[in-house]
Amino acid sequence: MKNLFLIIGAPGSGKTTDASLIAQHDEKFAHFSTGDLLRAEVASGSELGKLIDGFISKGNLVPLDVVVNAIVSAIKSSNKSNIIIDGYPRSVEQMTELDKVLSEQDEISLKGVIEVDVSEDVARARVLGRARGADDNNEVFNNRMKVYLDPIKPIRKFYSEKELLHVVNGERGIDEIVADIKNLLAKLI
């Protein structure tokens, strides 16, 4: 049985860094982003990978059901028993599809959804302060924040009703945040 943990949060919340640090320092955990999972599936040469490559190579979005199947495939083929995926789900549709697929199999159990909570001001300061790419500007940040905020209430409600949602204060030092998430993961396994 694989234990699945989802880490969600606003752009700049630190969710990817948090998940990466946990996986680097605890060999029981693997960390994936959705993009990593899709690229790994393509690299595997599987039929699913060929299907994904057909969309990506033409610059098209990969259909939702294909993305979720890639996530499930990567989780099942991982040599780790605890999987952290950050930044997923990003929409009610993604959440619903993942829930449907997970309910149809018995090899993966969703153990928790961790929201790294930061204010919009903190998120903005972090994203604009890091300026990792050309897309790290105020206009793009506002759009990314809207994409995050629009579905977050129904996503929180859905996972709260399943008693899976755990909120961590992301406005502290990285060591404190990671320690809190590690403690939470240990309780949920």
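The backbone N, Cα and C atoms fix where each Cβ goes, glycine too.
Swiss-Prot names G12, S13, G14, K15, T16, T17, R172 as ATP ligands; from the candidate set R39, R130, the record adds R130 to that same site.
In Swiss-Prot, the annotation region 'NMP' applies to 33-62, one of the ranges 33-62, 63-92. Distance noted between the C-alpha atoms of Y88 (AMP binding site) and K15 (ATP binding site) is 11 Å. The maximum pairwise C-alpha distance among G12, S13, G14, K15, T16, T17, R130, R172, the residues recorded as binding ATP, is 17 Å.
Counting only the Cα atoms, the space from T16 (ATP binding site) to N60 (AMP binding site) is about 25 angstrom. Annotation note: R90 (AMP binding site) sits in a coil segment as assigned by DSSP.
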